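Copied over from Swiss-Prot, here are the features:
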| type | residues | note |
| --- | --- | --- |
| DOMAIN | 1-130 | domain 'C2' |
| BINDING | 192, 378, 412, 730 | Ca(2+) binding site |
| DOMAIN | 333-372 | domain 'PLD phosphodiesterase 1' |
| BINDING | 338, 529, 668 | 1,2-diacyl-sn-glycero-3-phosphate binding site |
| ACT_SITE | 338 | active site |
| ACT_SITE | 340 | active site |
| ACT_SITE | 345 | active site |
| DOMAIN | 663-690 | domain 'PLD phosphodiesterase 2' |
| ACT_SITE | 668 | active site |
| ACT_SITE | 670 | active site |
| ACT_SITE | 675 | active site |
């Protein structure tokens, strides 16, 4: 049967199944009353197999898109009555409903039912009892059925969403989410941990002003220093020995204090200081030192604060109670808490009598730990005797140390500060997590009782203020990490949550990306640490795509958006900035596996584009529509530069990179800008770990300025536009009028040409000057058929023997996707 595209939203309800039999049990086909008696007897005495535990799933092609809770006591006629709101971008012949019996390890298939996709394309609601068939699609005796209700809404028919952008100030935000959109906020956007005075591009904004860059770690230092009641932090890593203020021209009183000293001082002043730090369960103690596979310093941080007024809780990523034993172990040892937030009380923007305070929150990609401090210059060698002498970070090169010299690994990241009602949502996320895993719940301040000191959630800007923001908070998290999730699927659905096999998930970050991509008009600009997913659409090239389970939709949504624009004869461009390779030795098994997934993702997208171009008989380079970049730096040696006492071993990658004086700039950003009017910033990578909801815990915000939209003949020229232009100035070393229209062919070809040139300079055997810009073409070749291969003569990353396009590995995809 032909596979048809379902691109839109599928509203599905699984009501019940009837006349089921279980082939794995001797009583599996006995009358229902007898089966319930036998199974109940076994269950109560702990004998035999106990009660049959049934659940149902929904599949589209090679992707599982829905799963009910487990029903324990109805072996014949289980009733679920569960509703699913499913974003879909899948080719499939049928919607497949499977009924399964849960086991301690795995599950037993009872049977499957099929509804042809072609019946959904009209958009009419369908309610039907479908025959449940065996694995060979044969009828089963007793005639079991499953009762379902379905309605599909194609994106092309969504007149109020598809391609509409942020359609106006009343745009309500992403639907079906736990947190609503909050108007009347203020947002500050940050590129990197610090911006020196020397980085000052003049970027015009609407109204005649110019864009002003924020300074993240300065603002975090000030916020912590000025807090009077509370400081709440979450982090993948929090390292007590870093200093936040390192720019000698912008010192502050107490700026030489370490983060640990600063937090202890505030706690001693009576401020409630609570930390939730991910507990890396690989951490061990050896020879008096504490080590962990991920080098997060979690045990050191906990020891540092032990016995002080700071309460630091090491927080393991516990699985939701509904997980199987195997899945629970995978989550506990392979999955992380990845949220990065700082929440403080802060003075009012306009002083009020009585010393009233408000809540301010920081959200983004920057952990308060070592290796994160950097500026837009991303030096490899020139800060080794100043800002990075005590903070030398280079995990990609074995044996690297400041005593042996650079290159250090530069760090590019994006963060945000939220003021107004949405800042309280970040606080509420912390409180939910603390109540689940923080221990003493009484340590959380009762802010309702402190309303005379800290005002309740309220706007900090009037809606008609030209600089006001509307902000919505999104998460990836489940009931294993978050207190207070509804216990029933019905209540979970009303709260914008997804219920599964006895677990409840918030995966609104993925929903936010999908929603923003679908509404995009002209262009998308992405910076992210990873870019892989939509594995259901990968080619079966040495793998079984259905085994990979990197099912999130973001790459496929992007390629289908581009295809739609090609078919409509309209321009659209997508720019994606990635690290050259994931952090770690580039030839290692984990890095190579991720690069392989990344290449498969790129190839899936470029194949979609190539097919669309061929169908329209357009002779164009696929990179005119979708183009990938990485960041790198290369520096000539200056007089007076830091001279290390030692040197790396000859012939190593370290020695080669030091001699060539080059290295990648590590892209750790997690950001998407759409049409210069909407932005998502957070901790979530574009991979399954971050977008799943049941794997790494994440947090992000989506925001826009109602007075700076592409509406009523105007072009968005607010803070988001200024931020993108500032990022492009950082990466390209210049500004150009073409950059004002990123969707234009002139712009994308100019940027590609500059990045090609910068890559050639980066990869060259000669070095005469510093690189004029950091944006490098990602070193792959894209054919007109959409195939992705290495560049001619560039099989390996410079100074390594690590293949650019990766190699298939043996590590579990659950870990590397």
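Heads up, the Cβ atoms here are built off N, Cα and C, so glycines get one too.
Shown here: features listed in Swiss-Prot, placed on the structure.
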residue : record                                         : Cβ contacts under 8 Å, 6 or more apart
192     : Ca(2+) binding site                            : 216, 374, 375, 376, 411, 412, 413, 730
338     : 1,2-diacyl-sn-glycero-3-phosphate binding site : 236, 278, 683, 684, 690, 696, 697, 698
340     : active site                                    : 234, 235, 236, 363, 364, 365, 366, 367, 368, 415, 683, 699
345     : active site                                    : 227, 228, 229, 230, 357, 358, 359, 360, 454
529     : 1,2-diacyl-sn-glycero-3-phosphate binding site : 365, 578, 579, 582, 667, 668, 669, 670, 685
675     : active site                                    : 165, 166, 520, 521, 522, 523, 710, 716
Counts of helix, strand and coil residues, the domain 'PLD phosphodiesterase 2' (663-690), according to DSSP: 3 helix, 15 strand, 10 coil
Long-range Cβ neighbours of the domain 'PLD phosphodiesterase 1' (333-372) (under 8 Å; 6 or more residues past either end): 186, 190, 193, 216-217, 219-220, 223-224, 226-239, 241-242, 244, 259, 276-278, 280-282, 294, 296-297, 315, 317, 391, 393, 395, 409, 411, 413-419, 422-424, 426-427, 429-430, 433, 452-455, 457-458, 460, 473, 481, 529, 668-671, 681-684, 689-690, 695-701, 812, 814-815
DSSP-derived class (H/G/I helix, E/B strand, else coil) of residue 730 (Ca(2+) binding site): helix
Other residues, Cβ within 8 Å of 338, 529, 668 Cβ centroid (1,2-diacyl-sn-glycero-3-phosphate site): 365, 530, 669, 670, 683, 685
Secondary structure composition of the domain 'PLD phosphodiesterase 1' (333-372) [DSSP: H/G/I, E/B, coil]: 5 helix, 17 strand, 18 coil
For residue 378 (Ca(2+) binding site): DSSP state (helix, strand, coil): coil
Assigned conformation of residue 412 (Ca(2+) binding site) - DSSP reduced to three states: strand
Sorted by sequence, non-192, 378, 412, 730 residues with Cβ within 8 Å of centre, Ca(2+): 191, 374, 375, 376, 377, 410, 411, 413, 631, 665, 731, 774
Helix, strand or coil at residue 529 (1,2-diacyl-sn-glycero-3-phosphate binding site) [DSSP, three-state]: coil
Whole-number mean of pLDDT values that fall within the domain 'PLD phosphodiesterase 2' (663-690): 99
Sparsest-packed of the listed recorded positions (412, 668, 670) - C-beta count within 10 angstroms: 668
Where residue 192 (Ca(2+) binding site) sits in the secondary structure, as DSSP reduces it to three classes: coil
